[in-house]
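Asks: Would you mind keeping the following structure in view while I ask a few things?
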């Protein structure tokens, strides 16, 4: 893809999300989502292949369906309230339809099926945008209407997403699918706390974006897409493989890494609100995520991936100048747990 066209598309994606985040008018919100969707589809298939075309088509159909449901909900709400402002959510049917539309855009269960397939079929750089930036706009809209959302429906979807995010990643060897199921699980944690403390939900989003961006940066740098290629990274640059494994454990929420902080704060907040069964089930389900991350770490660091090929290995990367650039991001993604009291005070 032409670099200038790519920059224009990225600017349009950011503009569409910014319109959604800053708008208080339903039509402008819908328009922002449409701008975002039409700009990201070419980005998903920037490296033309049948697989990327299929992934972009699946993404387009899913997002178009969600936008259609969103517009239907906006019209229903307009009929009952007579206003276009987002703050006026008086109709329960419209509220439920908007929730379903935003859940489809986020890729939460039970509308999660497109996330692993689309992520697997696109380049790593496009996957980074899909699993990080594309979550901000729907979450910002949920933040504005969270008081009007059916709490039981929301919590059910959240718990189901955490469970599916764990179960789905258990038998995966492709790192992009593992990151996709990890995204589904993390979105479940954010949704679970949205009704109780939406600020904490956005703190979780910030930590998730930092960890996911660090992981994708290392995968892009090492051209790693599977467990086999990750295990071979030891022969190229051991520090890359080591940092990748530490970030994977942080994504799994293993203390004392950064990923443990939002889970700790969310469980604490739910317990304060006299909810004990939900955080217990969430913590148990999160062990599934932690299990496949630890298994991936073990198979990569302590064993060699089985292969019958006598392949010639590259012993080092040609260019390591990018490492100092991503080192601060990796440090925050793994060692920010001591900052927890500060976030608790700000919360």
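From the backbone N, Cα and C atoms, a Cβ is placed for every residue, glycine too.
Swiss-Prot lists 3-23, 25-45, 59-79, 96-116, 122-142, 149-169, 201-221, 239-259, 274-294, 326-346 with the feature transmembrane segment.
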Asks: Six or more residues beyond either end and a Cβ under 8 Å away: which residues meet both conditions relative to the transmembrane segment (274-294)?
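Replies: Same-chain residues near the transmembrane segment (274-294) but 6 or more away: 155, 158-159, 162-163, 165-167, 169-170, 172, 178, 182, 185, 188-189, 192, 248-249, 251-254, 263, 266-267.
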Asks: Among 25-45, 96-116, 122-142, which stretch has the highest count of C-beta pairs below 8 Å with the transmembrane segment (201-221)?
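Replies: Checked against 25-45, 96-116, 122-142; highest Cβ contact count belongs to 122-142.
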Asks: Which range wins on Cβ pairs under 8 Å with the transmembrane segment (149-169): 96-116, 122-142, 239-259?
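Replies: The stretch with the most contacts is 96-116.
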Asks: Do any residues of this chain, six or more beyond the ends of the transmembrane segment (25-45), have a C-beta under 8 angstroms from a C-beta of it, and if so which?
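Replies: Same-chain residues near the transmembrane segment (25-45) but 6 or more away: 1, 5-6, 9-10, 12-13, 15-19, 52-53, 55-56, 59-60, 63-64, 67, 70-71, 74, 77-78, 84-86, 105, 118, 122, 126, 129-130, 134, 137, 141.
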